[in-house]
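Per TrEMBL, these features apply:
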type	residues	note
TRANSMEM	12-30	transmembrane segment
TRANSMEM	36-56	transmembrane segment
TRANSMEM	63-80	transmembrane segment
TRANSMEM	86-106	transmembrane segment
TRANSMEM	113-134	transmembrane segment
TRANSMEM	146-166	transmembrane segment
TRANSMEM	173-191	transmembrane segment
TRANSMEM	203-220	transmembrane segment
Amino acid sequence: MQLLTKNYNFSQGNAIVGLIFSFTIIEVLAELFSFKIILFAFRPLIALLLMYLYWITSKERNVFFFISIFFLLLTSIFIISESLPFLIVGLAGIVIHRILLILYIIKLNKVKDFLPILIAVIPFIFIFSYLLSISDEIPKESYYPLVIQNILVSILGGVVLSNYFMNETKNTPWLSIFGVLSIALYFIVFIEKCFLPNLPPTYFRPLGMILYVTSYYAFYKFVIDTERLKADVNEDNE
């Protein structure tokens, strides 16, 4: 019976992964042709499917995962809108989401020494601070939100980079992939908003959509692999 359930969950999981990447193709096309209705309809579905995928494949079903992806879901809805109140809610959501991601990764990796993280944060802070200082296209009201985002993304990059050098395990590749894709996504958004605001959104957003989905799929795989490693260690100790 357990074997049948496991096989069913495996098949269902593969089907959901297929749906996620099928919706990604639809979203990329919607970004290319600026179909806002399709963006509103399908982008939240990707986050919902990711939560459901975790629900059926994880034994722990950690509430941290659901809360962090829930804020990603809220952000994906509100950030599409051009209305200022919606954008403010979207920005608040992404700040909370990134804080939760950082705390969740630290919790999963059982980080006790934070000095390597502090050292690894420095190059990211330097790069993003330099880019921010040389940009002449930043609206005044966007400056401080960008500073906050720069700090959070730098901390996230520092956590991932320090883990790569200090805590190499079987789950490290997925976390590294997530880190690289997430920082690449933020870098593209940063360049678009701060240096090339006059270019049509179709230049960057299709690539951004691909990075968005693949980065969070990598994050899901990192979480699942970490939970499995933990379960294997617990079985060996019993």
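Numbers run from 1 along the shown chain.
Using N, Cα and C of the backbone, Cβ positions are placed for all residues, glycine too.
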Within-chain partners of the transmembrane segment (12-30) [C-beta distance under 8 Å, separation at least 6 from its ends]: 36, 38-39, 42-43, 45-46, 49-50, 52-53, 56-57, 206, 209-210, 213, 217
Other parts of the chain folded back onto the transmembrane segment (203-220), taken as Cβ under 8 Å at six or more residues beyond its ends: 17, 20-21, 24, 27-28, 31-32, 46-47, 50, 53-54, 69, 72, 101, 174-175, 177-178, 181-182, 184-185, 188-189, 191-192, 196
Residues of the parent chain within Cβ reach of the transmembrane segment (146-166), under 8 Å, 6 or more residues beyond its termini: 94-95, 98-99, 101-102, 105-106, 109, 111, 113, 116-122, 124-125, 128-129, 132, 138, 172, 175-176, 178-179, 182-183, 186, 190, 193-194
